[in-house]
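Student: Have a look at the structure that comes next, please.
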Amino acid sequence: MTETVSRPHATEGAALYIQDVTLRDGMHAMRHRISPEKVAAIAGALDTAGVDAIEVTHGDGLAGHSLTYGPGSNTDWEWIEAAADVVHRAKLTTLLLPGVGTVRELEHAYKLGVTSVRVATHCTEADVSAQHIGTARELGMDVSGFLMMSHLAEPSHLAAQAKLMESYGAHCVYVTDSGGRLTMGSVRDRVRAYRDVLDAGTQIGIHAHQNLSLSVANTVVAVEEGVTRVDASLAGHGAGAGNCPIEPFIAVADLHGWKHNCDLFGLQDAADDIVRPLQDRPVQVDRETLTLGYAGVYSSFLRHAEAAAKQYGLDTRAILLAVGERGLVGGQEDLIPDIALDLQQNLRR
């Protein structure tokens, strides 16, 4: 068992590292369509409000623009450049999925001012991250491992994958609840499993989704268990029912006396004045997004399932339940229309 006594802990005075994902995970909520000017407005407001890092890219990471994931209104580079022009204090961050983005894209993002990257894999496929984590370290970047759909791996197995990412050079590894399926006990078990195997100097992060209305609660539990890096977004802007909303989480952090650098009112203003008006579909818990969490479905599948439901005259929930039963993971969005067609044919029999 790895010694954990010296691990920094928010309950003992360690400062939280608040990573905003409005301009990455939030891209799913806008179908990856936002002008560079709006990116700059959001990034500038976040920088002024004191977040530690701002993640910018297509919702599926660098080079995620495709028919499978959804084309963006602009390139990653246009969005990153817009943010880089106005971010003066926070770390400009991006996301990379090996097999979607390449080392070449990572190097170009670094040249544009990105100094931190999260390398994301499915929760059982950490081994594919070695090259990208290694390259990020060679560039001198802050680098985290991002184990998506963490609910699909038992705590000990997930921790073993986290240990692999640590061995490749990750400064931090996240419990990433992409489906918004984890409950408080499930989060607690996974963070404790990480603590058991990771070096005390390796940070632990939490990325929560709101599909079961547990994102703030899950994040609080994670911090209580030793997490210091927290993902959140303005107005919860993100895939499915959204991410952990940054404003209420910071309010709760204040009530607990946890250290952070954020201005609560500044975050509230940015959420209500800039982000909410951009939403063409409310980012909230409703019958469709709740089904994502209930069935343990990748949150970014929401818009794809809604489109298929409209095309084939189906209930989106039926599609999402079928997706969950088949165990689809990120990158298999193109199978959703096939599932919808099967459901339609079954109804006609």
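Just so it is clear, glycine is given a Cβ too, placed from its N, Cα and C backbone atoms.
Quantities reported herein were computed from a predicted structural model and do not represent experimental measurements.
Per Swiss-Prot, the feature active site, proton acceptor maps to His28; the stated evidence is sequence analysis. Marked as substrate binding site by Swiss-Prot on the basis of sequence analysis: Arg24, Asp25, Ser178, His207, Tyr298. Marked as Mn(2+) binding site by Swiss-Prot on the basis of sequence analysis: Asp25, His207, His209. Swiss-Prot lists 16-268 with the feature domain 'Pyruvate carboxyltransferase'. Taken from Swiss-Prot, the feature site 'Transition state stabilizer' covers Arg24, and the record attributes it to sequence analysis.
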Student: Using the Cβ centroid of Arg24, Asp25, Ser178, His207, Tyr298 as the reference point for the substrate site, which residues of the same chain not in that list have Cβ within 8 Å?
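Tutor: Counting only non-site residues, the set is Val21, His28, Gly59, Met148, Thr176, His209, Gly238, Ala239, Asn243, Ser299, Ser300.
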Student: Hey, how far is Asp25 (substrate binding site) from His209 (Mn(2+) binding site), Cα to Cα, in Å?
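Tutor: For Asp25 (substrate binding site) versus His209 (Mn(2+) binding site), the Cα atoms are 10 Å apart.
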Student: Taking DSSP three-state, what's the residue listed as 'active site, proton acceptor' in: helix, strand or coil?
Tutor: helix
Student: Give the distance between the Cα atoms of His209 (Mn(2+) binding site) and Ser178 (substrate binding site), rounded to the nearest whole Å.
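Tutor: A Cα-Cα distance of 7 Å.
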Student: In whole Å, note down how far the CA of Ser178 (substrate binding site) lies from the CA of His28 (active site, proton acceptor).
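Tutor: For His28 (active site, proton acceptor) versus Ser178 (substrate binding site), the Cα atoms are 12 Å apart.
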Student: Using an 8 Å cut-off from the Cβ centroid of Asp25, His207, His209, can you name the remaining same-chain residues around the Mn(2+) site, in sequence order?
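Tutor: In sequence order, the nearby non-listed residues are Val21, Thr176, Asp177, Ser178, Gly180, Ala208, Asp231, Ser233, Gly238, Ala239, Asn243, Cys244, Ser299.
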Student: Averaging the per-residue pLDDT over the domain 'Pyruvate carboxyltransferase' (16-268), what integer do you get?
Tutor: 97
Student: Taking the Cβ of Asp25 (substrate binding site) as the centre, how many other Cβ atoms fall within a 10 Å radius?
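Tutor: Here the count is 28.
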